[in-house]
Amino acid sequence: AAESFNYKKFFEMVGLKKKSPEDVKKVFHILDKDRSGFIEEDELKFVLKGFTPDGRDLSDKETKALLAAGDKDGDGKIGAD
């Protein structure tokens with residue numbers, strides 16, 4: 001349902017916290033669709049579809065919250081590190 005996405009629960013469900021750094025980088029590269037070395041807001045919007053074909057697009061609000069959680073330097077994108 002729209003506005004029901006919780007990135008903390010999502011990370012738990014997909015097991016990212018338990019993955020090795022190498023596995024996390026593999027996931028990063030899958031989500032970095034344009035191969036820019038960063039995951040930008042427009043790529044995050046479709047993140048659920050990367051995990052399941054019937055996943056929905058995130059709302060703008062959900063996308064911004066997920067971006068803010070991963071954007072450690074405030075540049076508006078998530079780097080591999």
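Quick reminder: no glycine exception, Cβ is built from N, Cα and C everywhere.
Taking Cβ-Cβ distances under 8 Å and a sequence separation of 6 or more, the neighbours of Asp73 (Ca(2+) binding site) in its chain are Gly79. If you look up TrEMBL, you'll see Asp32, Asp34, Ser36, Phe38, Glu43, Asp71, Asp73, Asp75, Lys77 marked as Ca(2+) binding site.
As a whole-number mean, the pLDDT of the domain 'EF-hand' (19-54) in this prediction is 89. What TrEMBL lists as domain 'EF-hand' is 19-54 (among others).
The annotation domain 'EF-hand' is assigned in TrEMBL to 58-81 (among others).
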